[in-house]
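What TrEMBL records for this protein:
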type     : residues  : note
TRANSMEM : C:12-33   : transmembrane segment
TRANSMEM : C:53-75   : transmembrane segment
TRANSMEM : C:87-104  : transmembrane segment
TRANSMEM : C:110-128 : transmembrane segment
TRANSMEM : C:140-160 : transmembrane segment
TRANSMEM : C:204-221 : transmembrane segment
TRANSMEM : C:241-264 : transmembrane segment
TRANSMEM : C:276-295 : transmembrane segment
TRANSMEM : C:302-323 : transmembrane segment
TRANSMEM : C:329-348 : transmembrane segment
Amino acid sequence: MTLMTKFLGAAAGIALTAGAAAAEPAMIYDLGGKFDKSFNEAAFAGLTRFSEETGTEVREIELQSEAQREQALRRFADAGANPIVMTGFAFGNVLAEVAPDYPDTKFAIIDMVVDEPNVRSVVFNEHEGSYLVGMMAAMASETGTVGFIGGMDIPLIRKFACGYAQGVKAVNGDASVVANMTGTTPAAWNDPVKGSELTKAQISQGADVIYAAAGGTGVGVLQTAADEDILSIGVDSNQNYMHPGEVLTSMLKRVDNAVYDAMIAGADMETGFNVMGVANGGIDYAMDEYNAELVSEEMQTAVDEAKAAIASGELSVHDYTSDSTCPALEF
Amino acid sequence: MSGTAPAIELKGISKAFGPVQANKDISIRVMPGTIHGIIGENGAGKSTLMSILYGFYKADKGEVFINGTKTEIPDSQAAIAAGIGMVFQHFKLVENFTVVENVILGAEDGAMLTPSIAKARKSLKQLAEEYELNVDPDAKIEDLSVGHQQRVEILKALYRQADILILDEPTGVLTPAEADHLFRILDNLRNEGKTIILITHKLREIMEYTDTVSVMRQGEMTATVKTAETSPEQLAELMVGRKVLLRVDKKPAAPGDVVLSVKDLKVTDGAGVERVKGISFDIRAGEIYGIAGVAGNGQSELMEVLGGMRTGTGTISLNGEPVDLTGKYSDGQSRRARGISHVPEDRHDEGLILDYTAWENTIFGYHRDPKWSSGPLMNNAAIIQEAEAKMQRFDVRPPIPTLKAKSFSGGNQQKIVLAREIEKNPDLLLVGQPTRGVDIGAIEFIHQEIIRLRDEGKAILLVSVELDEIRSLSDRIAVMFDGKIMGERDPETTDERELGLMMAGISEEPDKPAWKAVEENLEAVEHGEAPKHG
Amino acid sequence: MDKMPAWADVVLIPIISLILAGILSTLVILAIGENPLEAYKLMIEGALMRSAGWGYTLYYATNFMFTGLAVSVAFHARMFNIGGEGQAMLGGLGVALACLFIPWPHWSLAILGSSIGAALFGAAWALIPAYLQAKRGSHIVITTIMFNFIAAALLNYLLVGLLKPAGAMDPATAKFPEPTHLPTFQDMFATAETPLFRGAPANVSFFLALLACLLVWLLIWRTKLGYEIRAFGYSQSGAKYAGISGVKTIIIAMLISGGLAGMMAVNTTQGEAERLILNMTEGAGFIGIAVALMGRNHPFGVLLAAILFGFLYQGGAELALWTSIPRELIVVIQALVILFTGALDNMVRMPLEKLFLALRKKEA
C-alpha cells in the first residue's frame, strides 16, 4: 500500500531532468562519500546552506570509481550545471583536461590548484589555523607534551603538523610535539581503530592534548582522548560537540564557506586562485558552549592576538608545502 | 502356490524419464519364500523398477500390492514400513561408524543412543546365529571387508523387520567364496520364509540360486519363467533379443617372441602402502595373458604402472628395450609412443572424457600426434572424419561423432575406447575390465576384437574380476592376491574352484580339502588377521 | 541425454535471471520512493543511447572481458582463480614500468610493450599459487585470494614510496609520457562534424580485449593445449591416463589466466588514468568471476556478459548522477544482478529443466 502510494508519488513528482539546461550548481564528492564526518561533509553542509537559503536544488554525486570523475564532470557540464564544485586534490588531473572543453562553465576545486581560466582553485592556509590551535594546545597542556595525529602521510597533512608545531613552540619553546601519521594509503583517512591506538601510544608518551587531522580516523582519536580524560582538537568542521568539555577546540577549515561562496556566486563566480586563510575567515578555530570552560580568557586573548597578527601579515607561519621543510618539527 | 497371495505384485508399472521410457507396463508376481531373479542388460530398467518398489521414484502408472494389499510407496520410509529392505550395489554405510551404529542409524528409539545400541547388539547376535550373518558389532565399517559390509547392509534390512529383501548386483564386488557365503545366507533367509529379489546380469547366479526369473529388455518384461525350466542360452536370447554366442570361439594361441617382460615390479601408492609386491612375468606376441583376482589386490596398480599412470620399481622391458618407470618417459604419452595401448579399467574416469564428444575421445592420449594438427591448431575436420570411420568399423551406435561420450551406452563407450586403442596397432595392449557394465551383445563383439588382435600377433595383458571372462579369453592365467602372483595356470587344465582358491590367497595344500582351507581363511579375515598364504 | 536444449541453457537462463534481478531491483527502487521505470530509462539512455554512454559501457566491458576470460581459462582446468584482482594490480605495475621507463616512440609500440609487461607481471603473480597447487596441493582459492592482499599491499608500498613523484599528494605514479597515451574512441571515431564518444574512456584496448576473446576461443577449442586443459578440467584421472601432465597443465592454465587478468591494466592504467593509481582494478577482478559464470566460460559468452556488466556500471553511474538513489543502493542493484546471473544459476536452471522435461513428455 505504502509502496503503491510511493510509486504514484514518485511517478508524479520526479521529473528527472537529465540534460535539462538549468544554471544550477552541481557538487561532486570524492570517493570518501559525503558523510565522512569531515571534509566532504563540510562541503555538504555548505551545499545544504545554499539550498536552504536559495531554494535551489543542487545536483550531487558520490563517486564510485576513478573513471567516473571525468564522466561526472562532463555530464554535469553538458547538462548545463554551473558552477560545478568538487572536493579533493584527486580531481586535479581530470579537471585540467575537462575544463578547456567547457569554456562557458565555471568549476571550483577545493584543495588543489588547476590553472585554467574557468576554474576557481580554492586552497586553505591550514598551517595558520593549525598554528592557532597549537598555541592553545601548548597553553592547555600540563605535561608540556602535545600530540598530533595525521591521516595519510601526504604533504598537505605535514602542512597541518608543521603549523601546529610552530604554534606550540611559540608558546612554550620547551614543549615537545609527538607527531604520528596513521598510514600511507587512503585507508588512513578512515581508520578510527588505528587512530585510537595511536592516541593511547601518544598518551603513554606524556601527551595530554592531541590534535587530529585525519578525517574519519579522527573520530577514534577524539573518542579515545575523551575516554582517557585528556584534551583533543578537532579538524575541518567544528567537532567540539562530539565530546562536550573534552575537545579543546577545532581547527576550522571552512570548506562549507568555500562551497557556499562558489554556489552563491553562481555562473558569475570569479575564477582563479582563491586562498582561504585566517584573514578572510576561511580558517579559524572553534569557540562554542561545549569548550567555553576549557578556554581561559588568557588563552583566548593570546590566540586572538596571533590571529590578528597573521591576518595583518605581521606574523607569518611557515608553510610546509612551500619548501618541504619544517623548522619546528622533524618528520 | 495358488492359495497364497504373492509377496509382491506389480501391475502395469510404467516410468519415463523425459523421452526415455525406463519401464513399460511391467507386471510381475513374486511368491513368498522364493528367490526371484531379475536379469537384463544395463539400462534394461531393472534398477528403475526396484527404485519404484523402494520409493525412490514414483511410477507414472501402475499399482503395487504387498502381500495382497494395494500399497502406496511414496518414499523409502514407506517401503521399510511395508517390510521391504534393499541392499544397494554401492553400500550406504557411514564408514567411520561401527556396525551397530550403522544398523540403528535412522531406526533409533528415543533420543538416547545407549538403550538402542544395547537392543540392537542383542538382536544382531540373534540374527547372526539364525542366518550365518556373523559380523563384529563393534567393528568400524572402514575396517571390514566388502563382503562383511554387505552383510551389514542385509542386517540393517533385517533389523528393520524386512520380509522382502532386494539385492542389486550383490556379487559384483565379492570373491567366489564370499559370493558362495552370500548365497548360503540368502538360502537360509528363504528357508525362514523371507522373499528375495536378486538383480543381476550374471546368468550363472540366476541358474544356480533362483526359483523363478524375470527377464527385462529395453524397459519391458520379456518373460517370467521357472528357473528349472529354462537354460542360459534361452535367457541370453531373451535379454538381447537375438541368439548370443556365450562361448568365445578362438583358435589355439601361437605365441611368438617375448614382448613384455616384467621383473620384480613393486608399486607403492600415495599413502605409502605397497600394492604390488614384486611380481615377474612375461607376455609373448600372439597370446593373451589374463590376470584374475578380486578387485583391490594390486591388478589396477600393475596396469597403471604399465600404462604410465604411476611410478614403480623393478624392470620392465618391451621388445627387449627397457621401459622408463620413474623418469621423464614414465608417462602415458611415452608409453603410447613405445607401442603400448591401454584400455583402462575405469572408462568413465580414465578411458574417456565423458563431457568430450566422441570424436574428441577418439584421439584422447594421441592428441599430440602431428597428424591431427595443421599448424598450431588441431585439424578437427580430419579427426571427425577419422572418428566416423572408426565408429563405423566398431559398430558404435549411434555412429554420430559429435555426440558427447556420456550419451552413449556403456558398451558403445567401451567400443569407442577400444577402437581408439586397437586401431593404433600396438605391440602390447593392456585391457582392464573390458566388459564391466557392458551389455551382452557388446561383450561378444569386444571379446572377438581382443582375440582378433591376438591372432594378428600382438601381446595382450587382460585384467578382469570376471573369472568367466578370464577363463574364456586367456591363453595363460595368473592369479593376483595381495600384490603377488599366486601362480600361473593353463585355462584348459584349471577350474573355477582352483582359481577361486588362489584368488582368496590359497594355493592348494594336498593334505587338506580345499573348501576347508577357504573356510579357515575367511574366518581369519573375519577376525581381522592377515590371511594365510600357501 | 541433455536435459534441455542448448539455446535454453545459453539464452533463456541468463534472461530469466536478469528478469528476476530486475524485479527485485524494482522493489528496492520503489521502497526508497523513486520511480523504477524512470530509473531504468535513465540507465538505458545514459549507457546505450549516447555514444559517450557506450564509451563508458565498453570501457568497463573491456576490464570485465579480460578478467572474465582469465577466470574462464583457469576454470577450464577446474582451477578457481579468485586472484584476478591481485593479478590485475601487478599487471598495472607492469604497464606502469613499461610506460614510464621505456621511451616509446608511438602508442602502437607502447601498447605492445605494456601488454607484454601487464601479461608477464599478472602471469608471474599467478605462478606462485599455481605452483603451490600443482606441486604442494595448496588450494588455489585460498592462495589466490591471499595473493590479492599481498598485491594490494605491494602496490601500496610502491605507490606511496618508490613510484610516487616527490611532493605529490596522490599515491600514484607520475603521468605516463605523451607517446604512450592510447587513442580513445573519441580520437578514433569522432570527426569535427560528428562528435562521438566525447570524453569517454573507451580506448583501443577494447579491440585488444576482442582479440583476446578470439585467441582464447582458439586456444581452448582449437589447440592441443586447450584440448589438454579441458581434458584435465573434466577428469584429472583421465588426463593422467592420457599422459597429460597435471602440474604442467595447472601452471600453464594459471599463467594464461594471470596474464589475461593482468592485461586489464592496459585499459585502466594506460588507456584511462594514464598513470598507475592505487585502486586501478576497482573490483573488476571479482566481477570477472560473475562474468565468466554468466558467460558459461565461453569467450563469446564472456564478451556478452562483460558488455552487460559494463552497462550496469555505466547505468549505475547515470543513476547516481541524475537521481537521489544513494550510492549504496546502486551497489545493491548491481550486486543483485551479479548474484542472480552468477551465483544463483541453479535456482533458475532446476525449475527450467523440469519444465522442459514436462514439455517433452507431452510431445512424446
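A Cβ is built for glycine as well, from the same backbone N, Cα and C atoms used for every other residue.
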Recorded stretch, among C:110-128, C:140-160, C:204-221, C:276-295, C:302-323, maximising Cβ pairs under 8 Å relative to the transmembrane segment (C:241-264): C:110-128
Maximum Cβ pairs under 8 Å to the transmembrane segment (C:53-75) - stretch from the list C:140-160, C:204-221, C:302-323: C:302-323
Same-chain residue ranges lying at least 6 outside the transmembrane segment (C:87-104) that approach it to Cβ under 8 Å: 66-67, 70, 81, 110, 113-114, 116-126, 147-148, 151-152, 154-155, 158, 163, 173-174, 176-177, 179-180, 257-258, 261-266, 268-270, 275-276, 280-281, 284-285
Outside the transmembrane segment (C:302-323), six or more residues from its ends: residues with CB under 8 Å to it: 14, 18, 34, 38-39, 42-48, 53, 56-65, 68-69, 72, 209-210, 213, 287, 290-292, 294-295, 330-331, 333-334, 337-338, 341
For the transmembrane segment (C:12-33), distant same-chain residues with Cβ under 8 A (at least six beyond the ends): 39-40, 294, 305, 308, 325-326, 329, 332-333, 336-337, 339-341, 344-345, 348-349, 352
Surrounding residues of the transmembrane segment (C:276-295) on its own chain - C-beta under 8 Å, 6+ positions past either end: 14, 17, 60, 63-72, 75, 82-89, 92-93, 95-96, 148, 155-156, 159, 163, 170-173, 261, 264-265, 268-269, 301-306, 308-309, 338, 341-343, 345
